[in-house]
Amino acid sequence: MDTQAIKHSVQHSGRYNRKGFESPTQRAKALGESYQSDLIASIRENNFSFEKGRLKIKLAKSFGFCWGVERAVAMAYETRRHYPNEDIWMTNEIIHNPSVNNHLSRMNVKIISAKNGIKDFSSVSTGDVVILPAFGATVQEMQLLHEKKCQIIDTTCPWVSKVWHTVEKHKKHTFTSIIHGKYKHEETLATRSFAGNYLVVFDLDEAEYVSNYIQGHGDKNKFMNKFAKACSDGFDPDVHLERIGVANQTTMLKSETEEIGKFFEKTMLMKYGPANINDHFLAFNTICDATEERQDAMFSLVNEDLDILVVIGGFNSSNTTHLQEIAISNNIESFHIDISDRISVENNSICHKPLESELILKKNFIPDGKIKVGITSGASTPDKIVADVIEKLIAITQ
């Protein structure tokens, strides 16, 4: 599939909009009214610290909405203002945040339904308005919407587009794309659609498994069974792992992505030698700045001698999950919640989601005496939600 030709056709159709409809000033004003918080602004100005009574709060120095998310949410809202009466669809949630998506639902912006991972575009009529979310859409979806003559509003984060360009470069030069990500995540599904031959690896353990195979250790049938849902059609590890390039889902843990990239470079050096490395490995730089900043800030926050840590963000948010992993790896009691309503002031309890688990209720969430609470939030979490959480902590400790 000539993905570049399809993109060019879509983007030059006259029914494609990547810039939005309002000025930056209008956009900032609209977002500020919905999602900004005076409390959070004052905490930022006070070196990200807040104290009241026995409660001390320390915010991460980088948290919450990133530029790409702000842009996507603002464009979605202004699309409804620009098209007040038209049917408006999204190919998926605009971002992984329940409050934002519920707000859009109340504005009658609908998500295209899916069953068993297959989207049903039959409800989308010719000329309808369709929003592509921050983590993008597959090239096949773009082509289908183009053929339906839909008005396409593309809010894809530029960092995600950069990954697409990377895997297209791999394809052009007949390199297989090794994608560090979750093979079912919406962003990785989109990236896969732009790649040629690809293999998705979730973590360093899977990278080591692939490396061992490249070096001649492993069983082909076992390999294909392990990666059956995470590789391109017709993938042959004996052929398609001779020339590889690395890319990533932008919300993965930065340190792990870097480690996987270096690991595969070392693997190809060992197999083919320094003189031939450029024929067998392509270096990469697709780590998102915002993801990197939030993870670095989290690594600093966990050194603040905290009693507990609250991580705020959608439960299906990959970047938020990785912030939670950092807390756990530093042995800090942490609680991942998506909305402030998970905290009960009356009962001093929190309903939170541990990694790889269902929601559980923690009673006596805030102990007696002085307490220092660290707080961070994922890139899809508005300041207002963080402020609501802080207000509940204040109420519990009064």
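From the backbone N, Cα and C atoms, a Cβ is placed for every residue, glycine too.
When H185, H217 are compared with the isopentenyl diphosphate site residues H96, S317, S318, N319, S380 in Swiss-Prot, the one appearing in that site is H185.
Swiss-Prot names C66, C157 for binding [4Fe-4S] cluster. Of C288, C351, the residue it gives for the same site is C288. Taking the mean position of the Cβ atoms of H96, H185, T250, S317, S318, N319, S380 as the (2E)-4-hydroxy-3-methylbut-2-enyl diphosphate site, the remaining same-chain residues with a Cβ inside 8 Å of that point are I95, F135, E187, T251, G314, N316, T320, T321, G378, A379. Just so you know, the Cβ of H96 (isopentenyl diphosphate binding site) picks up 29 other Cβ atoms within 10 Å once every protein chain is counted.
Geometry remark: E187 (active site, proton donor) versus T250 ((2E)-4-hydroxy-3-methylbut-2-enyl diphosphate binding site), CA distance 8 Å.
Around the Cβ of H185 (isopentenyl diphosphate binding site), the same chain contributes F135, Q249, T251, S318, each under 8 angstroms and 6 or more positions distant in sequence.
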